[in-house]
Amino acid sequence: MAINLSNVHFSYPEHPKSPVLNIQSWSLTKGEHAFIYGPSGCGKSTLLSILNGLLCSNEGNVTVLDQRLDKMSRRQRDAFRAKHIGYVFQQFNLIPYLNAIDNIRLAHYFGKSVSTSSLNKEITALLTTLNMPEKDWKKPVRTLSIGQQQRIAITRALINKPTLFIADEPTSSLDKGNTDSFMALLMSVIKKYGITLLFVSHDMSLSQYFNRVESFTDINSEEAFQYAN
Amino acid sequence: MLINIAMKSLRDRKGSVALSIMAMTISVFVLLSVEHIRHQTKENFANTVSGVDLIVGARTGSLNLLLYSVFKIGSPTNNISWQSFNTITANPKVKWAIPLSLGDSHKGYRVLGTTKQYFEHFSYGKKHRLAFKQGKAFTGIFDVVLGAQVAKKLGYQLGDQLILAHGIAKTSFSLHNDNPFKVTGILAPIGTPVDHTLHVSLQSIEAIHHDGKFTPLSNALEHLQPKSITAFMIGLHSKITTFKMQREINYYTPEPLLAIMPGVALSELWQTMKILENTLILVSILVLISASLGICAMLLSSIRERNKEIQLLRGIGASPFFLFRLIALEALFILAMSIVLSTGILVTILVLTQDYLASSFGVQVSTNIVSLGNLYLVSSLLSTSVIIAMFPSIFGFIESKKNTLSE
């Protein structure tokens, strides 16, 4: 099992009386590519934060890659996230003043998986696979287009050879053409490295890329419509 | 990696970082220069006279006596008789004595009537004797030895003739026209009031106050014994007898006299400057505090701006402690930079203005700013920096622990 949730409850400490998540049971098998759709503000990102260990559920069993996140300390979760989970956000995936290579190196620094000697080769290989022109590697990423930035984000998420890849609306700031090429690239590298993918979006048109499609409202039985923040 | 990110992040915000560095540099500069000049002035004052055991003058305040005899500031209250000078210096405890006669001037510079003993025994700083840059001590009645600044400012050379004026005002109506003086020696600069003094023999002071034209041929030096002098300095055979000698002079019955120990009077003088000194330090500390608060505010607001960046770093696995170190490093860099810059500016300014300070204020300021006081100051600045850096870092630490992946 890549992910196994049972009886997970969560509410923000600032609003303890308005629960955001109530998940009875949900799981994701290794190698699966799952697409979860739902309107924005329904708690999708909150769930993802729990899955990558930034937040801790109030109660319930959160197992990711056969490890109990709810039993780990904050420090352990930070290390776990850096090492095993590749994460791509909606936007602001990269430190704007660092260049592509430095951004990737930074992720590697926190993950500490690949030996440093082969790191440059890895980065070069990944950036080439993701069609990044070499002249853009050393530019601060803020000078690059959003499409390019999202591609660097994939590279950054892959540098530590994650077992689980989580994408949180990564295409919402891209236009149709860029979205298609982003999805094609993402799916090809995911398949190539055999990574489990959890993809969250409100854009139903992306469901064509996935073999498992679910509505977030079917997973989360918390009826009331909650705003995460 | 940490240093790399910190440097690149600072470079990314160069505008506000440069401003913070500037504000901090100015305040550190003020603090360092106040401390340096204070230290130097104190040293200068203490260096003005050394090796003199007692200064004797008419009964007045000890500060007053010190000021007019050594610093040539203010006016003597009264003269003392030549008789008293002879009686006291005849005491077997006395090794040497330098009579001082003040009251005349030349173009605003004080004229000191004395004897050759002055060039042999008067010392300054760490017991340095006066040295001649050119020429030698006065021998004739109308010979004058110039302090370094007098010669430099008024452009006098050896052999030049000059006229002394009665009184100490810059423009005097009563010139001693009849008896021009000839420059026989120029002293090397030492950065004390000696530089601003003209030295003549006691006899010439008598001679110029003599009515009518004085003919050197008709009167030998011995015939011009002064009737009174302003003050005198004495050196004793043994330091242990200083207090005893001081008492003896203070209880001298024929005339009310006052004997002071220069070191004691100098520290008294310094005590009176204490308020000014403390005010300067207080002002510079206030400047420093305001600059520190400015930097705190800058860093705190930058953390708010960088909320997304912090979230991202957390998202890719950075621990809150990493963020704490990152922000602390940035703050420390700004502060260290300011300290280095201000030290550099201070040294540069000192090198450039050293001559000006010496000639305009008579303050000999050393360019070597490494002093115990400044070392304390810099180390306390560094520890303050750590404290200043702490606030935004703790704030960043707390911020980064909060929920991060907001939509």
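Even glycines carry a Cβ here, placed using N, Cα and C.
Annotations in TrEMBL come from automatic prediction, not curation.
According to TrEMBL, the features are:
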TRANSMEM  B:17-34  transmembrane segment
DOMAIN    B:18-206  domain 'MacB-like periplasmic core'
TRANSMEM  B:249-267  transmembrane segment
TRANSMEM  B:279-301  transmembrane segment
DOMAIN    B:282-389  domain 'ABC3 transporter permease C-terminal'
TRANSMEM  B:322-353  transmembrane segment
TRANSMEM  B:373-398  transmembrane segment
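Same-chain neighbours of the transmembrane segment (B:322-353): 2-3, 5-7, 9-10, 17, 20-21, 24-26, 28-29, 32-33, 36, 295, 299, 303, 310, 313-314, 365-367, 369, 378, 381-382, 385-386, 388-390, 392-394, 396-397, 400, counting only residues six or more beyond its ends whose CB sits under 8 Å from a CB of the stretch. Looking at which of B:249-267, B:279-301, B:373-398 has the most CB pairs under 8 Å to the transmembrane segment (B:17-34), the answer is the stretch B:279-301. Confidence across the domain 'MacB-like periplasmic core' (B:18-206), taken as the mean pLDDT and rounded to a whole number, stands at 85. Mapped onto DSSP classes, the domain 'ABC3 transporter permease C-terminal' (B:282-389) shows 93 helix, 0 strand, 15 coil.
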